[in-house]
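According to Swiss-Prot, the features are:
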BINDING   426-433, 476-480, 530-533  GTP binding site
COMPBIAS  199-209  compositional bias 'Pro residues'
COMPBIAS  217-238  compositional bias 'Pro residues'
COMPBIAS  279-288  compositional bias 'Pro residues'
COMPBIAS  289-307  compositional bias 'Low complexity'
COMPBIAS  320-329  compositional bias 'Basic and acidic residues'
DOMAIN    417-589  domain 'tr-type G'
REGION    190-329  region 'Disordered'
REGION    426-433  region 'G1'
REGION    451-455  region 'G2'
REGION    476-479  region 'G3'
REGION    530-533  region 'G4'
Amino acid sequence: MTNANMQGKIRIYDLARDLGRDNRDVMAVCQRLGIAHKTHSSTISEQEADSIREAFQRGLPPGGRKKAKIQQQGAAAANKQQILEVRRPPVGYQPPVRTEVSQILVSTVTPAVPTEAQPLPIPTLPELPVPEQVAEQAAAPSVQEAVEPIAVSPVTSPLPIDAADVEADNYTADEDSMPISIAQTVVEAPAAPTSEAAPPEPEPTPLPAPAAEAPQPVRPPAPPAPAKPTPAPAPAPRPTAEQPSEPRRPQPPAQPPSRPEKRGGPLIAPNRGGLQPTRPVPAQPAPQTPTRSGSGIAKKGAITKAGSGSGGGRPGGPMRRRDEREAAVVDEQPKILLLSGNISVQDLAQRMHVPTTEIIKTLFMKSVMVNINQTLDQATAELVARELGYEVQAETAVAQATKTEMLDVGDIESLEVRPPVVTIMGHVDHGKTSLLDAIRSARVAEGEAGGITQHIGAYQIEVPTEAGPRKLVFLDTPGHEAFTAMRARGAKVTDITVLVVAADDGVKPQTIEAISHAKAAGVPILVAINKVDKPDANPERVKQELTEYDLVPEEWGGKTVMVPVSAKQKLNLDLLLENLLLVADYELELMANPNRQAKGTIIEANLDKARGPVATALVQNGTLHVGDIIVVGSIFGKVRALYDDRGNRVDAAPPSMPVEVLGLTDVPQAGDEFEVYSDEREARRIADERTSKARENRLQQQMASRRVSLGAFSAQAQEGELKELALIIRADVQGSVEAIRASLEKLPQDKVQLRVLQAAAGEVSETDIDLAAASNAVILSFSTTLASGARQAAEQAGVDVREYDVIYKLLEDIQLAMEGLLDPELVEEALGGAEVRQVFPVGKGQVAGCYVKEGKLLRNAQMRVRRGKEVVFEGHVDSLKRFKEDAKEVATGFECGVGSDKFASWQPGDLIECFRMVTQKRTLN
C-alpha cells in the first residue's frame, strides 16, 4: 500500500491499476463525478475513490478497454441501423477513447397519439462480402453475445407527436417480433425528424440480464436524422451485391444527454453486446449518398459547422468533429455560479469544477494569499468567479419578516382589522421618549442613562373615540447614531412612522436617516414638531427644512401631516393621535388573521438573571398563546409566560400586540422572525438546521476576517507584530450588543486591530473573567451587572472590567485604549537657529563664530548645518562658548562660538539649525 493510501488519499493511476482500467477511463469518470483532478498523478480521497469504484461496478465491463473495444468493433455492423437518436454528451464529459461506443440505455416509447399499427415487410438483402478484419471480429465470442435478446420495457412518452409524425410511427408498432440477421446491412429509409426543442429525456434504467425465453426485440432499419433535411424526400440507394460497400469505420460513441446533477441513474451505461433497445424517433426523409465510411448522416442534436465533411478522409475526422460539436455545446450554455454569502476556497472550487490551485493562483496574482480552507467574502468570490469566466448570480435570500409577508393565502377568508404599529423616530434629544411618556402617562425617559434611549421599547395604548376605544402600538427607537440597526428594524415592522423634530433644533443627521429608513420601508410619515413651547422654537423653519426631503406639509399643498406638539405641556397630543388613526383608516388596510398560529418579529431580547432569556415580540399575524411551541431564528422554545408592556401577565397575544415572551432556550437576535409550530419534533429539527447554518456562517466570517493581503503582510513584517486589543462585550439587550459591535468596527484599525472574543446579552459571569484572563482581554459591561463572585474573580485575576451606561463614553475609552497600545513616535522639536559670521582656528580644528537669530542654542543638542540648500553636516553641538567661557545655552540676539568634534569645514554664511528628538503619543488617525 502506498503512502498516499495510508494517509487516506490515493492517486488516480493507483486506482486505475487496482481496477484494471486505463488512466484515461478513470479520469473521465472523475470528470463526470465532478472530482477535481489535473493528471493521472493527482490524489483523491478514499471516499471519492469508492464513488469511482461503484461507478465502474455499475458501468464498464470487467474486461477493460481492450475487450470493450473488440466487442464494440464486432457489434458495430449489427448496431449501426439501430441508432435512431443520438443524444448530446453532458457538458464537461470527455469520452476516454475515440473508438469506444457508449451504449445508450433507453426503453421504447408509446406514442402520445395511438394509431393502428401496420406491419411492414423487411426487405431481404443479399449477403455482402465481409472483410477479413470484420470476419475475424464476427468470429469472436463477443459477437455471439451481441445478438442475444434483451428485454425491453415500454415507457409512455411525454413528448407530443403531431399528425405528421403518426404516419412515420405506424410501421414501428408491431415489428418487435421480426428477426434481424447479423449480416444485415444498414437500410437508409426516409424518416421524419422530431421537434428540436425536446424536453429532457427520462432517466435510463439498467436492463435485466439477457434471458433465453425473452422475445427478441427487432427494430426497423431507420437511419439517424440528416444534417440538412430537404423538402423533397427521396430514398437513398442501397448497396448491392455487384457494388460491395467498404468496411465501415466504427462510429463515434453516442453519449447520453446532459441531465441535472441531482438526478439519479447510472453514471456509466453498461457496455452490453447485441442489439440495444432504442426509442423509435421519426425522422424526416432526405436523399443520402453512401460514402466510404458510410457516416454521411449528421447526428440528431449535434451542432455541425457549415461545410463539414461526411466522415471520410484522414483518420481521426469523426473524433475531431465530435470534439468540435462538444465544444459548441459547452459554449452554448453559459456558466452561472450562485452565491449567497461567504464561501471557502474548497467549496468555491467544487462549485466551479476547477482545481483549488486555480483559485489560489488567481488570488495570488491579485496580491491576496489564501489557503484551501480559508473563507472568502462574497465580493472576493465574485471576483474570482468572473476571472474564471463564470456569471455570478445571487441566490434568492429568504426575505425578512415584514407585515405583508406574514399573511398567507389561507388567511384571506378570516382577516380582521388589527391595530396599527407606530414607530417613533428622530434625532437624539428631540423628545421622542418624552412624547411617548406623555401619551402613556408614564416616565420612561427618567430611567434612561444619560437621558438617551438605548434600546427599543414597545407599548400599547387605548385611544378613546366616538365609536369606542381603539388601540395603538408604539415602538420607541433610539436616536443616537450608534443605533442605526435598531431604527432600521423599527421601520421594517411598522405601519406608520412618527418623525419627531425639535422646533428649536431643526433637521439633524439622525432625522435624515430616519426619513430614509421610513421611505425604504414604504410607510407613511407623520411629523410631530416637538418643543413648540420653548421661547426659541421656530416650527416654520422646521417645515421649510423638511421640504428639502420631500416632506411638504398639508397647509402648503403637500401630503405630509405635521402636528406641533409639546411633550412637557402635553399640547396637541389628542390631535396627534387623531391624525394617526385617520392615516391608518384611510391610507392603510391593516388586516390579520387572529385564528391561526402566531407569526411575528422579535423587537428586542435580553437575559434576565431571574427569568432567563426574555424576548420582546411583536405578533404580526395569528395569536400567541401560553404553551405554544415557538422557533425564533435558530432558537427553540416553549412559551412559559407572556407579559404585556405594563408587566401584567396575559394568556394570549392577538395581532399587533407587543409582549414579553419567556421560555426560550437562549437569547435570540433582535429582528429575528418567530413562528409557532404544532409539531415539537419538526420545530426542533428546523431550529437545529438553522443553528448549524449560523455556526457555519460565523466560522466563515471569522476566517474571512483573518485574510491578509501581500502588501499588508509585508508592512506588518517590517513594522513588527500587529497590535491587537481583545474585547468581551456584555450588554443588557441584544440590540445594544449589535450597536456596540457596529460602532467598534467603524474605528480605524490599520495600526491596532480589535478582536471581539464574545458579545452577548446578559451579566458578566466568572466564565467571562476566566476567558479574559486567558486571552488578555478587556471586558465591556454596558448597562448590565456582574454576577456574584465575578468582581472578586476579576480583582484576583487582574482583569480590567469597564462598566458603561452611555455608548459614546465606551467608544471614547476604547479609542484611547487602542492608542495606548501604539508605540510612541520620535518627532523633531526645533530649538533655534544661528548664522555663521566668522571662522576661528582653534588648535587642530575650527570654531564658528555665530549670531543666534531665533530661539536658542543648547550644548549637546543636535544641529544641522546648511550651506545654501544643501545639508553639509548633521551632528551634535559639542562645545558652546560665550566670551571664551563655556555656556549651557545662548539665547536670541547674542553671539557665541560653536564647535563640533566631527566637523571643521565651517564657512561664513552657513546656517545652523539646533533641534532635539522627543517622543510623542501616536493616534489612530
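From the backbone N, Cα and C atoms, a Cβ is placed for every residue, glycine too.
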> DSSP on ASP429 (GTP binding site), three-state: which is it?
Replying inline: coil
>> Using a 10 Å radius around its CB, how many other CB atoms surround GLY426 (GTP binding site)?
In response: 28
>> Looking only at the region 'G4' (530-533), how are its residues distributed among DSSP helix, strand and coil?
In response: 0 helix, 1 strand, 3 coil
>> With Cβ-Cβ distance below 8 Å and at least 6 positions apart along the chain, what are the contacts of VAL532 (GTP binding site)? List them in sequence order.
In response: ALA503, PRO539, PRO564, VAL565, SER566, LEU571
>> Over the span of the region 'G1' (426-433), how high is the average pLDDT in this prediction?
In response: 80
> So how many other Cβ atoms are close to ASP429 (GTP binding site), meaning within 10 Å of its Cβ?
Replying inline: 17
